[in-house]
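Step one of this worksheet: look at the structure below.
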C-alpha cells in the first residue's frame, strides 16, 4: 500500500516537473535577494567599513538607532511618512474596490475588456515617464496653469508649494495603481455565487442593495487581508516618485523616511545608518500588522494567521 502511494507521488511529481521548474527561479530569487540579504542587516550594529567587511567592522551596538531617533528631522519625516500613507489609505485603498465593483456590473464584454485595459495601462508606465508627465502638466506654463490663466485666475506653483505635494502624489498613485489594484477584487467577485444575485433580484433587490448585501460581503475577506497588509506599510513609502517630484521648496511635506535613508545611506555612503533605519521600519511594521491582525480576528473571522 505504501509503495503504491509512493509510486503515485513520483508519477504526479514527474507529470508536474515543468511546474516545479517554473517555481525554481522565483525560489532562488527570494533566497538570494530577500532572505540572503537579511544577513547583511548586521551592519546596522556596526560602523561598517567596506574594506574591512561585515565580520571585521567595529561593533557599535545601538549607536545608529539612537542617532536616527535623536536626529532633528526624525519627527518631521515620520510625520510626513504617516500622513502620506494615511492619504493613500483614505483614497487609494477604496478606489480599486469601487472600480472592481463598477467593472463587474458591466455586462457588455467588449466594453468591459476595454475598460479593464484602459485602467491597467498606467501601471505599466515607467515612474520616470509618469513624473515627467506630471512635471510638464503642472509646470508654471503647463496645461493646468494655462487653463487657470484662461479662466482669469492667478496661476499656481503646484510643484513649489509644500501644501500641494501630497495631493499631487496621491492623485498620481491613484491614477497609476487603481486599475491594477482592482484585479484581485475582480478575481474575488468572480467567485461570488451568481445564484445569490438571481435570488436577490427575484426578491426585488436593486443593484445597490445587491452590491451592499452580496458583492461586498463576498469580497470582505480579501478586503480585510489587503487592509492588514496596507496597515503594515504605514511607515513605508517608495522613494522613486518622491525623489523625482520633490525639491528644496517642498521638503517640509515631501521628505519621508525612504528619501531620508536614500540621502544618508546611499548618497553619504553611511550604509550602517540606512540598515538601522530599515530595521526600525520593519519592527514598527511588524507591530502594526500583528496589532491589526489581532483586532481583525476579534472583530471578524478573517486574519493573516
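Placed from the backbone N, Cα and C atoms, the Cβ positions cover glycine too.
Keep in mind it's a predicted model, so treat the numbers as computed, not measured.
TrEMBL assigns the feature transmembrane segment to residues 211-229, out of the candidate ranges 211-229, 230-248, 249-267. Beyond the transmembrane segment (20-43), the same-chain residues lying 6 or more positions past its ends with a Cβ under 8 Å from any Cβ of the stretch are 13, 54, 57, 271-272, 275, 278-279.
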